[in-house]
Amino acid sequence: MANAGLQLLGFILAFLGWIGAIVSTALPQWRIYSYAGDNIVTAQAMYEGLWMSCVSQSTGQIQCKVFDSLLNLSSTLQATRALMVVGILLGVIAIFVATVGMKCMKCLEDDEVQKMRMAVIGGAIFLLAGLAILVATAWYGNRIVQEFYDPMTPVNARYEFGQALFTGWAAASLCLLGGALLCCSCPRKTTSYPTPRPYPKPAPSSGKDYV
């Protein structure tokens, strides 16, 4: 019998991680402009995401420019885009598969073994989704660190981690944790041994010798 509480907890955590991945992908604050080395207070805040770059004025006005040319994008940005989209799509598949395998659902009630397998498969897909999101965010974050400490990068052209990047890391952690809980919610099979059957005792000898 599967642990319904553990299943539900794992599904909720993984689902929240999937929502976080969507939010992280859509947000434009993957990296924000670093003011290291500036001696003046600027009235602008610049930040970039996977799809656009924005400038926020102190008056509250925000101007964004969408990256319209795919060929002008760096390989890191293209790979991050692809991995985040793959992670989100895997999350969609995992949600449907895990929902079928949830003990609280009425699907596959007649086949308990198949129902547990669906829950484990959904958890495994959530693990793959979390891994894709984690690789994407770590790759992009590593690029920010390399450019920040690169002596060839001008001081006024350096960026730091943005809120969307932290959201992506949190989303990956939730997907991995939720997927692991779903995979562990089904108990291992116990080896059953056949019960010994009593054998009939041999008939007692009459004690007579026949010639």
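Yeah, the Cβs are placed from backbone N, Cα and C, and that goes for glycine too.
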Note to self: Membrane side check (same topological domain name in Swiss-Prot): Asn3 and Glu147?
What the structure shows: no
Notebook entry, point to check: According to Swiss-Prot, which candidate among Cys64, Cys104 shares a disulfide with Cys54?
Noted result: Cys64
Checklist line | Counts by DSSP class (helix H/G/I, strand E/B, coil) across the topological domain 'Extracellular' (137-163) | finding: 16 helix, 3 strand, 8 coil
Next item on the list: Tally Cβ pairs under 8 Å between the transmembrane segment (164-184) and each listed stretch (8-28, 82-102, 116-136), then give the stretch with the top tally.
Entry: 8-28
Note to self: Return the count of C-beta atoms lying within 10 angstroms of the C-beta of Cys54 (disulfide bond), excluding that atom itself.
What the structure shows: 16
Note to self: Counting only residues 6+ away in sequence within the same chain, which have a CB under 8 Å from the CB of Cys64 (disulfide bond)?
What the structure shows: Pro28, Met52, Ser53, Cys54, Val55
Item checked: Same-chain residues at least 6 beyond the ends of the transmembrane segment (82-102) whose Cβ lies under 8 Å from its Cβ atoms -> 4, 7-8, 11, 14-15, 17-18, 21-22, 24-25, 50, 108, 115-123, 125-126, 128-130, 132-133, 135-136, 139, 168, 172, 175, 179, 182
